[in-house]
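Remarks on the structure that follows.
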Amino acid sequence: MKILVDENMPYAQTLFSRLGDVQAVPGRPIPREALLGADALMVRSVTKVNADLLTGTGVKFVGTATAGTDHVDEAWLAAQDIGFSAAPGCNAIAVVEYVFSALMILAQRDGWQLRDKTVGIVGVGNVGSRLQARFEALGVKTLLCDPPRAARGDAGPFWPLEKLVAEADILTFHTPLYKDGPYRTQHLVDAELLAALPDNRVLINACRGEVVDNAALLAALNGGKVLSTVLDVWEPEPDLSLPLLRAVDIGTAHIAGYSLEGKARGTTQVFEAYSRFLGQPHAVPLETLLPVPDVSEVTLNGSLVAHLDEGTLLRLMHLVYDVRRDDAPLRRVAGIPGEFDKLRKFYQERREWSSLCIQCDDEATAALLTRLGFTARLR
């Protein structure tokens, strides 16, 4: 059995070799000759999976080690009786921690406190719901916008986007990309929304580049809109707008979800799905794959809770991950052909907050840090 895997999927060789012969290939583009004779294909978001890619091949199963699936023509796969699995939620924690790092940096730079702000979360799925939970742990007010969930009658409350635009200090987008239909998200942030957005707000896009009209955003910023902007995704990729990159406060190369834990979850989820497809179910405990982090334990004295110390919280977060380490490299190489993808391919190891064990002497502080995603223990 021949299994093709994207060369940038961590642990893919280790896991999929339990099921067959593994060949690692570049994801953009996948060589046609490699697909011939392949039984299964494991990809990331850089690979467009459709009839053009797979017609005439023997591929019977496709897995994508990503939460999003807009790069996959699922209807065509189903019509061809080709099995399919994604990895929903695999990188949600990493995206949440990316957003927190960006916001805490902006807060420190501009002299405001996160707890004093209202955050509008657009898209309340795997990422948005986790983001809401961590904001609420800090006592930060959130406003939620998710029209599909509102229509299903899910617990909210959910608000129209217009309310978030008017009232939220921070707008952060975590939607799928829908190019048409009643819940279209392509260019959800357009010239009209940007014109309605008051000055001195924060805009974050860490979902899909086309959710924000990049040309309209650049025009607004060049036209004097006072807006702190964080973009991890671009329109288009990898050939992002250099003037827009220069105009935003934080810009990164579509790596918000790139924690080692997130990547490992993505690979293990599609591996487990393919093993079930073959009738050979395997379960892989994540901790059996992950190495010991560079910083694994610290001691914290006193309480973070009585008077929430966002400076200390920022330092704890940045012991694990500081988004500025990803902003600077993109600015150095943007515009050089192939460098955007190289930043992603050779991405330096990044861990999640849970990899850091914080020894506390205050029970309430340990409880708060646990709610935020750290590993916290009373000593």
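Just so it is clear, glycine is given a Cβ too, placed from its N, Cα and C backbone atoms.
Automatic, uncurated: that is what TrEMBL annotation is.
Just one of T175, T288, T299 is listed by TrEMBL for the same NAD(+) site as D146, D232, G257, and that one is T175. Note: the CA-CA distance between D146 (NAD(+) binding site) and E237 (active site) rounds to 26 Å. Listed recorded positions near D232 (NAD(+) binding site): R208, H254 (candidates S45, T66, R208, H254, Y258; Cα-Cα distance within 10 Å). For the recorded positions D146, E237, the ranking by surrounding Cβ atoms (within 10 Å, all protein chains) places D146 first. Under 8 Å, Cβ to Cβ, and six or more positions away along its own chain, G257 (NAD(+) binding site) finds A67, C90, N91, A92, A94, V95, Y98, A206.
In sequence order, V122, G123, G125, T185, L188, C207, R208, V211 are the residues near T175 (NAD(+) binding site), counting only same-chain partners six or more apart with C-beta under 8 A.
In this structure the alpha carbons, written CA, of Y258 (substrate binding site) and E237 (active site) are 17 Å apart. Long-range Cβ contacts of S45 (substrate binding site) within its own chain (separation 6+, distance under 8 Å): T64, T66, G68, H71, H254.
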